[in-house]
Structure formats: C-alpha cells, structure tokens
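Asker: Not my notes, these are from TrEMBL:
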type     : residues : note
TRANSMEM : 56-75    : transmembrane segment
TRANSMEM : 120-139  : transmembrane segment
TRANSMEM : 160-185  : transmembrane segment
TRANSMEM : 208-228  : transmembrane segment
TRANSMEM : 240-261  : transmembrane segment
TRANSMEM : 273-295  : transmembrane segment
Amino acid sequence: MSFQDKFDNLKIVRRTKVFLKSIQIPTLEGLNLYTLLQIYISGLLRGAITTRAAAISWSLFLSLFPFLLFVYSWIPYLPNFDVIEKSIYEFLVDRIFPQNEADQIENYVSVIARRNTSSFFTISIAIIFATNGINSLMTGFNNTTRRIAGVRERNTIKQYLIALVFTIAVTAFLLVYMWFLIYFLTPSTEILTSMIETEWVVSGVKRVIFFVAGFLFFLTAISFLYFYGVKFDGRFRRMIPGAFLTTLLFFGLTVGFSFYIENFNNYNLLYGSISTLLIVMLFLYASVLIILLGFELNMTLLYAKDRQEVLIKKIQSENDLPYDVMEEELY
C-alpha cells in the first residue's frame, strides 16, 4: 500500500473528506467544497505561486518608495496637508510595520518628498516606478495556469496604461480615504466623547469605524485590481470572493507580522542597518502571495463554473476527482 493510500485511509482524513463533500457551493450546483479545494490547490501547485510571488515582490519593493513619493508630491497642494501627511503614517504605515521600521520609512520618504515636491521630473519618475509594481502584479495574474472562457491577456501597452491609471486612481482613493478619517472619524469621536464619558466605549467605536473603513477601502482596491488585471468579459462581482479572502488574510498578516517582528525576530541583531529593508521585503512577499491566492480563488470559481458539467459527470462516475485533476480534460 502506497503512502497516499495509507494517508487516505486515516480516520481523520476520511471524516474530513466526508464533511467537505457535504458542503455544497451555492453558485455551483452539483459541486462540493472538497472538489473545489482539489481544483484550487492543484492550480496553486501547477502555477508555481511562490516563485511568482518572489518575482513580483521584488518589483513591488522597487516601486514602494516611488509610490509613497508620488503620494507625498500631491499632499502639499491639499488643504491642511500637514494633517493628512501625519494621518497617512498614523493610520497606514504605523499600523502595518513595527515602530522602528515605520519611523525609518517616515523619515526617508518625508525628507525626499519635501525636497522635490515642485519637481515635475521627480513626480514623473516616481509614478513610472510606482506603475511598474502594479504592472508586475497584472503580469503575474496572466501567468495563471487556468484557461477560462472570457479571461484573456492584454497586450503589453494596454496593460501598462491600465496599471498607470490604476496607480493614479489608488492614490486619489487613498487621499479621499485619509480625508474621510480626518474629517469624519475625528469629529465623530469628539462628539461621542462629549456624549459618552466612558473612554473605552469611545475607543472601541473608533476602532470599529477605522476597521470597517480600512476593510472596505482595501476590498474595493483589490476587487478593481483583479477585475482590470486581466481582460475579463464577466461581471465585476465575480472578483469579490477572491478580494474578500485577500482582505481577510491581509488584515491577519498585518496583525501577526507586526506582533512577530515586535516580539520574536532578531533581524536587528543579525543584519543591523539593513534589517528594515529585509522586513519590508518579507512583508511584501507575504502580501503578494496573499493577493495571488485571492486571484487564484477567483480563477478556480470561474473555472469550475465554466467546466461544471464535465466535473459533475466525472464525480458521478468515479465518486471523486483524481489527484491530477484530469489534466487533459480540465485544463
């Protein structure tokens, strides 16, 4: 008996299979969660997702600081720009990275941005490098192993132009998000403080508002990235399941990553001054991996919908899908 057969005969494995097979997918009648997970995991393994994430994260690392410079180049033209600048670090950078790394990023970007805010050349170079990161993500989407009706690759020029527009749109969306936090969250908190004397209640409400706003912001941005990252003929809502998964995983990543760096890592002792760069690169790699996981989930759902009849017939005839997921018939 092979190792695979021994593993399949384990009691806990058999019970898990039965449980997963009992869960039906609402939009995919006749298909269960176990079948969907088989297709999903098979696609991840075939698509070399970790290798793609490593390549994309390097490109994103090179575009991260240009993107921050591009954002900061527009802040001086906004009313109360000093408040918005402070809020970007308070609500974003400080909540993602540990304190020491967040302070170094803040000092680096703010110094360079203040020196070059009036330079059109600097703004142009910043947005070009920032766009390269989004463009690399879209290229990573196109490298999926799935071949689905209605999902096609764009040519290089169109893809880069869409990445450019997306980068500008995200920047504008980010500034609007900051404006919302500053001019809605802060006054609302002050009103609550005057009405409710219990400090922990006010603090809790503030955290809930911030979490909901941040969740919706990230969910919307990722949904649009998935939708325009490939040439997709379907509806926008098809991209929401993967974006929802990515958003949940990303928020979990920020909490877990910050906790780990603050309490368990020895990067500063091992690498000294370059530890900040290593931490940023590690965070970007994990973030890209999460984004690709969400995208592959969308492709799996579209793929299962596209080949629903074939899958159902195969399950009915064999009571299961083989581990290679019928490469010739399904891919």
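Every residue number used here counts from 1 along the chain in the order it is shown.
Every residue, even glycine, has its Cβ placed from backbone N, Cα and C.
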Asker: Can you find at least 3 Cβ pairs under 8 Å between the transmembrane segment (208-228) and the transmembrane segment (56-75), where each pair is 6 or more residues apart in sequence?
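Answerer: These two segments do not touch.
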Asker: Residue list, the transmembrane segment (120-139) vs rest of chain: Cβ under 8 Å, 6 or more residues beyond ends.
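Answerer: Residues packing against the transmembrane segment (120-139) from afar: 55-56, 59-60, 62-64, 66-67, 69-70, 73, 154, 159-160, 162-164, 166-168, 225, 228-230, 288, 291.
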